[in-house]
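Asker: I'd like to ask some things about the structure below.
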Amino acid sequence: MSDSEEESQDRQLKIVVLGDGASGKTSLTTCFAQETFGKQYKQTIGLDFFLRRITLPGNLNVTLQIWDIGGQTIGGKMLDKYIYGAQGVLLVYDITNYQSFENLEDWYTVVKKVSEESETQPLVALVGNKIDLEHMRTIKPEKHLRFCQENGFSSHFVSAKTGDSVFLCFQKVAAEILGIKLNKAEIEQSQRVVKADIVNYNQEPMSRTVNPPRSSMCAVQ
């Protein structure tokens with residue numbers, strides 16, 4: 001195999017998404033992996049598995065294996081096995097639900113236990129979801145950032161509903177795992193709202209203005 005063939009090979013990363021039920025984990029992963037947003041809440045039983053390939057600076061192709069872990073698995077026998085081997089862990093909470101933030105301590109305790117047993121240290125990111133509901137926020141950004149600083153987490157705020165910063169979150173996590181620095185232009189481009197309308201043929205489409213231009217919501221409302 002030539003050097004060029006080796007260089008063109010994909011890197012693969014296992015990213016595990018943890019947090020309470022209804023924190024928006026599945027909406028977050030589907031918005032990223034499938035560019036859709038489901039209006040109806042459907043509880044994840046066990047886990048869901050998603051794949052998406054992205055390109056990082058230097059034309060590095062990276063396939064993200066995203067493990068969306070059901071919120072009810074905390075304390076379950078399989079949780080350790082789901083986390084094992086992950087290069088990245090996303091701790092997701094709902095910024096309007098204080099308990100979902102408090103319970104991340106329990107999720108992180110399991111991550112630390114698995115890390116100690118496997119002698120590997122995944123990158124851990126704290127993800128505040130549902131920023132489209134800023135007016136209902138119950139967890140102040142300062143508390144979020146303090147939790148990050150105390151534990152060495154990377155910090156992210158996203159909206160799975162609008163797509164705001166969803167791609168950027170996964171992109172930054174993958175880049176940080178691989179030691180790649182994103183420049184300002186790449187970050188700004190990834191912050192754009194994901195274009196991923198859900199088509200419902202039983203309803204008349206509604207027009208809406210979205211900023212920035214030429215982008216749209218992960219859900220049609």
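Using the three backbone atoms N, Cα and C, a Cβ is placed for every residue, glycine included.
What Swiss-Prot shows for this protein is this:
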{"type": "BINDING", "residues": "Gly21, 24-27, 38-39, Tyr41, Thr44, Gly71, 129-130, Asp132, 160-161", "note": "GTP binding site"}
{"type": "BINDING", "residues": "Thr26, Thr44, Asp68", "note": "Mg(2+) binding site"}
{"type": "LIPID", "residues": "Cys218", "note": "S-farnesyl cysteine"}
{"type": "MOD_RES", "residues": "Ser2", "note": "N-acetylserine"}
{"type": "MOD_RES", "residues": "Ser8", "note": "phosphoserine"}
{"type": "MOD_RES", "residues": "Cys218", "note": "cysteine methyl ester"}
{"type": "REGION", "residues": "35-49", "note": "region 'Switch I'"}
{"type": "REGION", "residues": "68-85", "note": "region 'Switch II'"}
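Could you give the neighbours, burial and distances for every feature on this list?
Answerer: Neighbour count (other Cβ atoms within 10 Å of the Cβ, all protein chains): 24 for Thr26 (Mg(2+) binding site).
Note: the region 'Switch II' (68-85) comprises 8 helix, 2 strand, 8 coil (DSSP; helix = H, G, I, strand = E, B).
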Asker: For Asn129 (GTP binding site), which of the three DSSP-derived states applies: helix, strand, or coil?
Answerer: strand
Asker: Using Cα coordinates, what distance in whole Å links Asp68 (Mg(2+) binding site) and Gly21 (GTP binding site)?
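Answerer: The separation of the Cα atoms works out to 11 Å.
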Asker: For the region 'Switch II' (68-85), give me same-chain residues lying six or more residues beyond its boundaries with a C-beta closer than 8 angstroms to one of its C-beta atoms, as numbers and ranges.
Answerer: 14, 16-23, 25-26, 29, 43-50, 103, 106-107, 110-111, 113-114, 117-118, 120
